[in-house]
Amino acid sequence: DIQMTQTTSSLSASLGDRVTISCRASQDISNYLNWYQQKPDGTVKLLIYYTSRLHSGVPSRFSGSGSGTDYSLTISNLEQEDIATYFCQQGNSLPRTFGGGTKLEIKR
C-alpha cells in the first residue's frame, strides 16, 4: 500500500493568513492526489482532486499543487469557516490511502 504522510498534525494561524498544508506519498502517485476537509461536526467535503482541480462549489481561496511524491494545499485569506482538519488521499492505486490529517486552528 502507498503510505501518505502529513508531518504537521496541527497548525495555528490567524484569520486572513495564507496557510499551506503538506502531504508526502511513499511513491510517485502521478498527481492522483485529493484533499478533503472535515469540519468539527464531522462533515467531510472534497475540496481538490487531481492535485489542483477545485471541486464544484469550493471557494477559490483554496488551491493545490505538487507532483511526484510531494503535494500541498494552500488556503489564502483564512476564514473562520476554514477551521477544520484537512486530509490528503492518494487515488493512484487501491487501497486509496489517506494521510493522518492536519488540524487547523485559530491562533489566540
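Even glycines carry a Cβ here, placed using N, Cα and C.
Summarising the annotation, Swiss-Prot assigns region 'Framework-1' to 1-23. Residues or ranges marked as disulfide bond by Swiss-Prot on the basis of sequence analysis: CYS23-CYS88. Residues or ranges marked as region 'Complementarity-determining-1' by Swiss-Prot: 24-34. Annotated region 'Framework-2' per Swiss-Prot: 35-49, in sequence order. Swiss-Prot lists 50-56 with the feature region 'Complementarity-determining-2'. Per Swiss-Prot, region 'Framework-3' is recorded for 57-88. Taken from Swiss-Prot, the feature region 'Complementarity-determining-3' covers 89-97. The region 'Framework-4' annotation in Swiss-Prot covers 98-108.
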Fill in: Residue distribution over DSSP helix, strand and coil in the region 'Framework-1' (1-23)
0 helix, 11 strand, 12 coil
Worksheet item: For CYS23 (disulfide bond), which residues of its chain lie six or more apart in sequence with Cβ-Cβ distance below 8 Å?
Response: MET4, THR5, GLN6, LEU33, GLY66, ASP70, TYR71, SER72, LEU73, CYS88, GLY99
Worksheet item: Near the Cβ of CYS88 (disulfide bond), how many other Cβ atoms are there if near means within 10 Å?
Response: 29
